[in-house]
Amino acid sequence: MCVRQQTSFEGLDQSFGKQLSGKAAVKASIMLRSAHTQRVHASCARASQSALPVLRSALARRSNVQIRRLPGVVQPEPLPQQQWPELPEQQQQQQHRPDVACAAGGAAAASDAPTPAYSAEFIRRRLVVFIGIVIGYSCYYLTRNSLTYTAPVMVADPKLAMDITQIGAMTSIFPIAYGMSKFISGVLGARFSPSVLLAGGLMATALINIAFGFGTSLAWFCVFWALNGTLQGVGGPCCARILTTWFASKERGTYWGMWNIAHNLGGFAAPLVAGGFAKSMGWKWGMWAPGIIGLVVGCFVLFACKDKPEDLGFPPVEPAAEKPKAAGEAKPKPNVLKQLLNNVLKNPFIWGMALTYFFIYIVRQGVTSWFVFYLIKEKGVSDAAQAAVRVSGLELGGLVGSLIAGRVSDMMINSSGGKGGAVGKRVQVVMAYTVGIALALLSFQYVPASAAALQWLNVFMIGFFLYGPQMLIGLCGAELVGPDSVGASEGFLGWIAYLGAANAGIPLSIIVKEYGWPAYFNTLIGACALALLLLSPMMNLKSFVQRREIYMQRKLKGQ
């Protein structure tokens, strides 16, 4: 079909080239040549269709000649003026760039086009970027959890004369600093390079871990651990910005889920690295070893990651329909406060996602903080080591669940044929997973203490269902706003989420103490119910790309 369209356009170019003159001839000629250079079948068809309105309108103005409809070619709406190429030189440069897929078709084709075909060179370079953000964010988790597995050795060191209460003071400071940092860095980070921030933040938190190891007083430890929490908030929003520029919306769920395993990889490495070095070489090395690893990985991230495909000469994966700028004209820096207010804080669906995150994080933190105590106090498990083994399936289940959640949401979007909201499809997966969390929590209460393997499997399923919503809610927040507001959206969502995590500490401890463990489980299941209630109005929610397409179509019809 693409070859027939090329032949038809060659004939049109020869037949009508003499009748067109001036700017109209240049535009029509450029659009015709663009149709000949497309390497991907779907891109070629879109470019071919886009050239017809230009010819028709130009001939109608110049010579009142009607162009007959070509068989087999769908007649689209005229392209908006700002999408026309202006100079032949620009078109030639586009032809020699290492292409991802042709950008012809603009925003109007973004939501219902098939997943684009990529060049081998682009795929290789994107894989390097993806590996960089996965390993980089895993090391953020390593330097974040180092104190957790070093603290027991610190308490046992007579030179420090520390107790559990002092360790608790340090760990209480961290989530407060981290939540505020994630919000602030997400908002202000839009003015800076996400790849540089990601690498710089990792190297800074690595240095904080190293400095922590040289301390001997509680004041020193508290100050540096608060600084660590402040720097940790840089990582998540930067990874979100890089993911949204390198991966199109119809494949983003899969790769976002794959990136989300960085949480599990870092959580898995922390006890091996920090705990292992602390036990064998002293508590100082429990902090120094993660810090040294963080410095090395930070250097790798700095050179491996790039902000967007355009930085390496590739076209964007989802080209935006923007008015071309004059040569040498710099892109203005985004107004972060305006973006935060208009695109995030004024968006009621972002607030709905944030409150859902709040309740999901109550469940997540409630499970990770209290399940070991529950098994010891209520189920009669003999010691903390055995209880830890029974809950060890949480991270593994979370890894599998987040991968499947991202893939399933992508499949639902791709199979919808452009009908319905892309974000709404992901919300439907979140709701199904949330129901799974509630059922798994309910069943965990009734598993007998003697069935250790069954308890492990139940915890695995809790992790499976829990980490899917954690991953997808962040993705939904990123797809609801424009590219320049992704960092602000992720920062705001992260801040609200960690407020929920903070409520899983003292409030849940009071509930357990005053009302017992059944009330604890009822509270977590109630949080799942409130999350479902908040998500129910968003089951058909459209993404930013889809809303932009609708806007462009209405604008064209009004002309």
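Note: Cβ is positioned from N, Cα and C throughout, glycine not excepted.
Pulled from TrEMBL:
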- 76-97: region 'Disordered' (REGION)
- 80-97: compositional bias 'Low complexity' (COMPBIAS)
- 127-144: transmembrane segment (TRANSMEM)
- 129-543: domain 'Major facilitator superfamily (MFS) profile' (DOMAIN)
- 164-184: transmembrane segment (TRANSMEM)
- 196-227: transmembrane segment (TRANSMEM)
- 256-278: transmembrane segment (TRANSMEM)
- 285-304: transmembrane segment (TRANSMEM)
- 349-376: transmembrane segment (TRANSMEM)
- 429-447: transmembrane segment (TRANSMEM)
- 459-480: transmembrane segment (TRANSMEM)
- 492-512: transmembrane segment (TRANSMEM)
- 524-545: transmembrane segment (TRANSMEM)
Could you give the residue numbers and ranges of same-chain residues that sit at least 6 residues beyond the transmembrane segment (164-184) on either side and whose C-beta is under 8 angstroms from one of its C-beta atoms?
147-148, 151, 154-155, 218, 221-222, 225-234, 236-237, 490-492, 494-495, 497-499, 501-502, 505
Considering the transmembrane segment (524-545), which listed stretch of 196-227, 285-304, 349-376 counts the most C-beta pairs under 8 Å
349-376
Same-chain residues at least 6 beyond the ends of the transmembrane segment (127-144) whose Cβ lies under 8 Å from its Cβ atoms:
195, 198-199, 201-202, 205-206, 208-209, 228, 232, 235-236, 239, 242-243, 246, 255, 258-259, 261-263, 265-267, 269-270, 273-274, 290-291, 293-294, 297-298, 300-301, 304-306
Checking distant contacts: for the transmembrane segment (492-512), what same-chain residues at least six beyond its ends satisfy Cβ-Cβ under 8 A?
172, 175-176, 178-180, 182-183, 186-187, 233, 236-237, 340, 344-345, 350, 353-355, 357-366, 369-370, 473-474, 477, 519-520, 523
Are there three or more C-beta pairs under 8 angstroms joining the transmembrane segment (429-447) and the transmembrane segment (256-278), sequence spacing 6 or more?
no
